[in-house]
Amino acid sequence: MATLFTLIPSSNSTFLNPFKTTQHSKLHFATPSPTFKNPLSIRCFRPPETDTPPEIQKFWGWLSDKGIISPKCPVKPGIVPEGLGLVAQKDISRNEVVLEVPQKFWINPDTVAASEIGSVCNGLKPWVSVALFLMREKKLGNSSSWKPYIDILPDSTNSTIYWSEEELSELQGSQLLNTTLGVKELVANEFAKLEEEVLVPHKQLFPFDVTQDDFFWAFGMLRSRAFTCLEGQSLVLIPLADLANHSPDITAPKYAWEIRGAGLFSRELVFSLRNPTPVKAGDQVLIQYDLNKSNAELALDYGLTESRSERNAYTLTLEIPESDSFYGDKLDIAESNGMGESAYFDIVLEQPLPANMLPYLRLVALGGEDAFLLESIFRNSIWGHLDLPISPANEELICQVIRDACTSALSGYSTTIAEDEKLLAEGDIDPRLEIAITIRLGEKKVLQQIDEEFKEREMELGGYEYYQERRLKDLGLAGAQGEKLPWIGEV
């Protein structure tokens, strides 16, 4: 039989556009990054301490000169364990506004369009144009009006896109490794096109060397620092606001930032950042980047992971193979129920299987004596039947295929669950190694969970009620326990 499904990387972020990096992984720009976060907003009354690095002091002065910060600003940039962060200058209550950054100080595709390179960026993907703008401003040095902001950006983060080959080898067997390599290939291809179509033909605008490494730097800054879930803005950098670091302890589903009008009679927009939890003077103002991201997505976007079990996920890709003699019928049924030739299911640690996964599996495996259910007469009701076991043969097949796939995937890792748990328990390890161990450990636990669940199903095949038994009951030809009832007139 043709392959029933494949296992692929679990990062299904929605970058700027749905670029496929693997069969399922997609690029996406996310909320601010954990390593060096600073949002642009109102002016703070007290300047940073005198021992603050000169780049931060210049940045603070720039914010003041531009009128971006006000004397009532309750936060300031500060050196924190993550690198750079927002530090409270006073006690701040929950939901208090800590920053408001006017639209003219955002960096987004509109900023690029209005800049000196706007005319040569027409037709570029939004994220490519913003990355190009960011690279150029960095290369301009003292000539850039954005220099104070550019200078406080890090050279890299712990995102896996910046890892060396040796560091990436610690992700052997993981879905994140495939996703990372796919993203890196996509970015490299985009740079090659950019070089050919923009950089070389317009040397007067780019009178300096721009390398692929420069492009990766800009890409990483956007991926880790851009804010999402903003009305009318799919990609925007907010200087100063992007200094807010991530906290796994903040679990409120509502975002702490929004875009709103500057005033009752003003058409200008401002980016408003609220403090999601009470903060004491001297502590960091922290936010939640995204509750729905897996650890793989957090590692790819920001270079961090969490210990919470629900951050661990593995994506199963199921597909109806074209070689299936019932391909057309199965595809029609899938599409009639909001699915397609391929379906992606994120399996989360310690959580039930996703809805529609079992029905789709049963559909893909449908054949033999069960193929009658594919007839047009059943077309409007078949999905309801697939929600429950169809036959012992169908249920056994999906259990075997799933378990074989899990065994194969688990064999691709170079360490066991026990070995990874021991490494983490020892502590005092390199941050990137810790991320790698956390990712591969989480994936293996999810695969083990899937295998155990289908192992239990396999052992209980004899106890399930199948389609034929349910049909006999519906017709009144079987009792509540499935026993056949005597025909009328029988003794």
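Every residue, even glycine, has its Cβ placed from backbone N, Cα and C.
Owing to the predicted nature of the structure, the values given are computational and were not obtained by experimental measurement.
Just so you know, the Cβ of Arg225 (S-adenosyl-L-methionine binding site) picks up 32 other Cβ atoms within 10 Å once every protein chain is counted. Annotation source TrEMBL lists S-adenosyl-L-methionine binding site at Glu82, Gly83, Leu84, Arg225, Asn245, His246.
Per TrEMBL, the feature substrate binding site maps to Arg225, Asp242, Trp257, Tyr289, Tyr302.
The domain 'SET' feature in TrEMBL is assigned to 66-290.
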Within 10 Å of each Cβ, count the other Cβ atoms and name the one among the binding-site residues Glu82, Asp242 with the highest count.
Asp242
Do you know the mean pLDDT across the domain 'SET' (66-290)?
91
Can you give me the Cα-Cα distance between Trp257 (substrate binding site) and His246 (S-adenosyl-L-methionine binding site) in Å, rounded to a whole number?
13
So which binding-site residues are near Tyr302 (substrate binding site), with CA atoms within 10 Å, out of Glu82, Gly83, Leu84, Arg225?
Arg225
Where Gly83 (S-adenosyl-L-methionine binding site) and Asp242 (substrate binding site) are concerned, what is their Cα separation in Å, rounded?
12
Whole-Å Cα distance, Leu84 (S-adenosyl-L-methionine binding site) to Asp242 (substrate binding site), is 10
